[in-house]
Amino acid sequence: MNTITIALLSLVLLAAILSFYKRKILGSSVLKFFSFFLLFQFLYQLAAALYSFVFTQHEPNYFIFNLTMPVNIAYFSALFYDIVKHPAKRKFIVSTTVINLLFYVINLAFIQGFFALMTYSRTALAVSLVIYSLLYFHEMLTSSAAENEVNPTRSATFWIVTAIFFFYLCSTLTIIIWDYLVASNPIIGPLMTRIFGFLLYAMYVVGMMLHKAEHKEPTA
Amino acid sequence: MDASSNEIIIAFLFGSLMLALIGVFMFMMVIFYQKRKIRSIEERQRLIAQYEQAALKAKVEIREETLKYVGQELHDNVGQLLSLIKLYLTHPETQQKTAVTQLIDQAITDIRVLSHDLNINRVEQYSLGDFIEQELNKVHKAGTMQTSFESEGICELPSIQNRVMISRIFQECINNILKHAEAKHIFVKLVAEKGSCVLSIIDDGVGFETSTVRNGTGFINIYDRLKLIGGDIRINSAPGNGTNITLRIPQG
């Protein structure tokens with residue numbers, strides 16, 4: 001296991017610990033569940049690293065990522081369903097989630113299979129998440145209930161969505177131009193994906209650290 | 001330069017670029033968000049000012065209406081009684097003492113009722129149902145129309161300003177009936193249902209073409225006031241068929 005992998009795993013663990021620490025003020029139950037989701041991410045990434053670097057001699061660990069993909073699809077969809085309030089946008093999130101899950105099953109059974117990295121399903125998930133993030137940003141800038149909201153930089157949701165948006169947008173673009181990147185410089189592709197990963201979890205950490213509880217309107 | 005240092009330089013440059021991009025994005029989002037928040041606060045303040053102004057105007061109008069009514073009553077009723085008493089006292093031989101005493105008693109009762117009506121803060125002191133009943137009593141007393149009032153459930157409006165505005169709207173509707181409807185009966189019903197108060201004002205008058213009066217000042221005032229308190233209005237009328245006005249006012 002190299003240093004970069006250990007550093008990345010440490011960052012995921014730190015984000016999980018911080019989210020557990022801030023769990024009480026995270027607001028909705030879906031956001032509170034984010035702590036468990038991060039812990040789950042840490043565990044499966046640790047398992048993947050151990051499988052490739054400790055238990056085998058660099059054997060591909062794609063099946064672990066494939067196995068956990070439905071959980072990622074379901075949780076991210078639930079998260080966006082929770083934070084996006086517009087009914088039409090919510091319907092869109094539900095329908096694309098169902099399509100993504102169906103496509104995952106079809107891809108698993110008939111196209112890429114369990115032991116190859118399921119890039120098609122991952123790309124479909126990434127595109128969906130980028131669109132969901134844009135829906136969230138749109139709602140954030142146009143919603144009428146702004147006065148009681150905290151500054152977005154003090155909201156973990158904003159940091160999480162921004163992190164997801166950049167991570168999935170950039171990593172998907174990288175995957176699309178992967179062949180070109182590897183041909184021009186073999187180290188740049190893997191390096192970029194690691195930088196995206198670092199930024200994703202670093203933003204989770206910052207979001208958790210800066211998070212402040214929302215004001216509640218006094219009830220009569 | 002070896003491959004490892006190359007890797008570090010690329011990582012550093014790429015990481016910095018990404019961080020800068022994210023930083024700019026977040027900065028822009030926060031700027032837009034703050035602008036929208038300021039706009040939203042300004043809009044809310046404007047609405048509050050408009051609401052307070054409308055409530056104050058309604059209160060002033062109710063006072064004017066009350067004073068006008070009391071003035072009319074003093075002139076038409078108490079004034080007449082006192083003139084009659086004066087006439088009797090000038091010619092004491094024509095009438096018995098008991099008749100004069102009865103007239104004085106009547107005048108005292110009328111003045112007592114008027115002093116009660118003159119209480120210009122009655123909207124704030126009484127419930128909406130009581131206010132409606134008092135207004136209908138005035139109409140009934142004039143003797144030109146029959147009135148009936150029915151109330152179901154408890155209609156408690158959230159603020160005094162809302163009560164003032166809806167009371168003024170009710171007065172405006174009754175005034176319209178008195179001035180234009182040529183009605184014989186006015187039926188009023190106040191019902192509490194599903195977090196709202198539903199006030200129906202029905203008359204059997206000449207009715208009107210609803211499209212022609214919607215732009216009148218009276219109706220515009222009613223619409224504006226209802227909009228400010230989050231209510232709505234439905235008007236059903238046709239020439240010769242009377243008028244049915246239904247107001248729905250939120251209670252919460």
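Yeah, the Cβs are placed from backbone N, Cα and C, and that goes for glycine too.
Annotation source TrEMBL lists transmembrane segment at A:6-21, A:33-56, A:62-80, A:92-111, A:117-137, A:158-181, A:187-206.
Sequence-distant neighbours of the transmembrane segment (A:62-80) (same chain, 6+ residues past either end, Cβ-Cβ under 8 Å): 30-31, 33-34, 37, 40, 44, 47-48, 51, 93-94, 96-97, 100-101, 104, 108, 114-118, 121-122, 125, 128-129, 132-133, 135-136, 160-161, 164. Remote same-chain partners of the transmembrane segment (A:33-56), defined as residues 6 or more beyond its termini with a Cβ less than 8 Å from a stretch Cβ, comprise 1-2, 5, 8-9, 12-13, 15-16, 19-20, 23, 26, 64-65, 67-68, 71, 75, 78-79, 156, 160, 204. Looking at A:92-111, A:117-137, A:187-206, the range that has the most CB pairs within less than 8 A of the transmembrane segment (A:6-21) turns out to be A:187-206.
Beyond the transmembrane segment (A:117-137), the same-chain residues lying 6 or more positions past its ends with a Cβ under 8 Å from any Cβ of the stretch are 60, 62, 65-66, 69, 72-73, 76-77, 80, 83-84, 86, 89, 92-93, 96-97, 99-100, 103-104, 107-108, 111, 161-162, 164-165, 168-169, 171-172, 175.
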